[in-house]
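The annotation active site is assigned in TrEMBL to ASP289. The ATP binding site annotation in TrEMBL covers GLN107, LYS123, THR222, LEU223, TRP224, LEU225, GLU294, ASP309. Under the heading Mn(2+) binding site, TrEMBL lists ASP142, ASP309. Annotation source TrEMBL lists domain 'FAM20 C-terminal' at 188-397.
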Amino acid sequence: MKLKQRVVLLAILLVIFIFTKVFLLDNLETSAAQREDQRAFQRMLAGLRVALEPRLEHTLQSPWEIAAQWVVPREVYPEDTPELGAVMHAMATKRIVKADVGYKGTQLKALLVLEGGQKVVFKPKRYARDYVVEGEPYAGYDRHNAEVAAFHLDRILGFRRAPLVVGRFVNLRTEIKPVATEQLLGTFMTVGNNTCFYGKCYYCRETEPACADGDIMEGSVTLWLPDVWPLQKHRHPWGRTYREGKLARWEYDESYCDAVKKTSPYDAGPRLLDIIDTAVFDFLIGNADRHHYESFQDDEGASMLILLDNAKSFGNPALDERSILAPLYQCCIIRVSTWNRLNYLKNGVLKSALRTAMSHDPISPVLSDLHLDALDQRLLSILATVKQCTDQFGPDVVLVEDRMTLSHL
């Protein structure tokens, strides 16, 4: 065979090799990733129903020790959690040994210490399930049931970045007042036949207490993250100004995301993708109040964005605040795994999954049917937003692999 023919043959073989690598092998890798996403989705559905029961089999550890060991830089709890029901049962039933005013913030809460030394945050019921919060999307008191629903949505989306939350009924007279600090006790009062308290916070007022039904108060308890994982607070790049007539830059600058991508920690690593995941999460629950967020300290952008404080959610099922999705439609990128999970949740699956996940909670039903219906409608809006992005830029640009550094953006 002449040299020229050999060169041509080698060139053809090289083209075939490149074609195989780019189109066939890459497609096989993509298919494998999709199959794993499907398997993870099926595992999630199979484990949705969490029965709250005290049994902890095959371990001498306390539920608090188990939950503390779950926490790692990229998740608060693992995918496989057979002990989840026991931990949540302990949160809902363990004896309260101390009660104090909540950590600093704008909304009423109490900091409780449960038997065994575990801290939890208690948020009291302020509204009936069918109450509609009018006004700005961040208006109104915190909603305790929103914390419960948001935790289970975090499970369903496969993020696993929200601390554990469960509903709980407490007797203010027999469970709280005997172990309350003087600071908390000083905010208790009686209104009619109901025991009430107003706590200490920026918006806490003696004229606006939270009241029990007699002595029994419904609320939510959120598991305090282990002290060995100190938190670092960050200003959210898409945060609101909360000032009438004053817009944040992202609200008028169409190229705002380009500027964000040039600043740390959004110029590399997973943080920007976490921001976009959070925008999806917040839009589904109707939370327009994430002005700051927390990560683990000294993480250099490597740890997750922790989904704390979700109580300004599920206020108005008729209001779809599209501006919450600004990180998604301005950056036009989303994790492939998030995109796959959202597509698996179409056609009523999301509503059904969330209803099932919350069915064993002590304060069930957690959400009204209107809020559950709103979730399915908002999901369609998210999918439509991603499609607009892929139509404009192509799926290869928009759908980003989970561990990509983003340094190319």
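Glycine residues also receive a Cβ, built from the backbone N, Cα and C atoms like all the rest.
Keep in mind that this is a model prediction, so the values were computed, not measured.
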Practice task
Among the binding-site residues listed here (GLN107, THR222), identify the one with the smallest other-Cβ count within 10 Å.
Solution key: GLN107
Practice task
Counting other Cβ atoms within 10 Å, pick out the least crowded of the recorded positions ASP142, ASP289, GLU294, ASP309.
Solution key: GLU294
Completion exercise
Nearest by Cα to ASP142 (Mn(2+) binding site), of the binding-site residues THR222, LEU223, LEU225, ASP309, is ASP309
Handout entry: Around the Cβ of LYS123 (ATP binding site), the count of other Cβ atoms that are within 10 Å
Key = 26
Completion exercise
Students should find that the Cα atoms of LEU225 (ATP binding site) and ASP289 (active site) sit apart, in Å rounded to an integer, by 21
Exercise for the section: To the nearest whole angstrom, state the Cα distance for the pair TRP224 (ATP binding site) and ASP289 (active site). Expected result: 21
Fill in the blank from the handout: Its Cβ having more other Cβ atoms within 10 Å than any other among the binding-site residues LEU223, LEU225, the winner is LEU223
Fill in the blank from the handout: Spacing of the two Cα atoms, LYS123 (ATP binding site) and ASP289 (active site), in whole angstrom, works out to 17
Fill in the blank from the handout: Rounded Cα distance in angstrom between LEU223 (ATP binding site) and the residue listed as 'active site' is 21
Handout entry: Proximal residue to ASP289 (active site) among binding-site residues GLN107, THR222, ASP309 (C-alpha distance)
Key = ASP309
